[in-house]
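Per TrEMBL, the feature compositional bias 'Low complexity' maps to 1-12. Positions annotated as region 'Disordered' by TrEMBL: 1-33. Residues annotated as domain 'Cob(I)alamin adenosyltransferase N-terminal' in TrEMBL: 14-37.
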Amino acid sequence: MTQESPQSQSQSDADDGRNERHRARMARKKEVVDDKIAQAQRDCGVIVITTGNGKGKSSSGFGMVVRAMGHGMKTGVVQFIKGAIPTGEETFLRRFPSECEFYVMGEGYTWETQDRTRDIAKAEAAWEQARRMLRDPSFALVLFDELNIALKLGYLDVNTVIADLQARPAMQHVVITGRGAPQALIDAADTVTDMTPVKHAFAQGIRAQAGVEM
């Protein structure tokens, strides 16, 4: 029989001690998590906002659309502002017209269109589509992509938007993306994430690429 050296035995004892401390920490954490789960008993539709200057706001929103579709839920997408550049998410989701209604209402970024009057008209038309979805209980989850931008620029009245959101079916989820979410909309939301930029390839001279940015 091979006998462990004192050094090996000491290392084994140290590993056992670390494992035991880890188990104790995780047991305490599990108690806290389980208690929070036990306290969360309500089911209802939620408003989720992703805002901030970092990348990933629309990507997050479309991820939620696909997740909902995976559960057999009917979804809807209305894109504000964007529209001039074809995207992978639009190409993909249009393959499932019965599961996802997809509307691109913008004509591109505001620095490209350079026509405030036309942009406002497009935003108002987009909100009519959004309002229709908000009144239809068959839509389980809807994504209003870049709505925050339209509100920030004053293309739509934030109080009107909030009133329509609050009048929606009780179990309908709404995801809103875009920089500069107004405080009134943040206050009305249930979950808000501020995307913070840490590093971006564009700053290194790498252009937007299919599959990453579009």
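Cβ coordinates come from backbone N, Cα and C, glycine included.
Just so you know, TrEMBL annotations never went through curation; they're auto-generated.
Note on the domain 'Cob(I)alamin adenosyltransferase N-terminal' (14-37): DSSP counts are 24 helix, 0 strand, 0 coil. Model confidence over the domain 'Cob(I)alamin adenosyltransferase N-terminal' (14-37) stands at 77, taken as the mean pLDDT rounded to a whole number.
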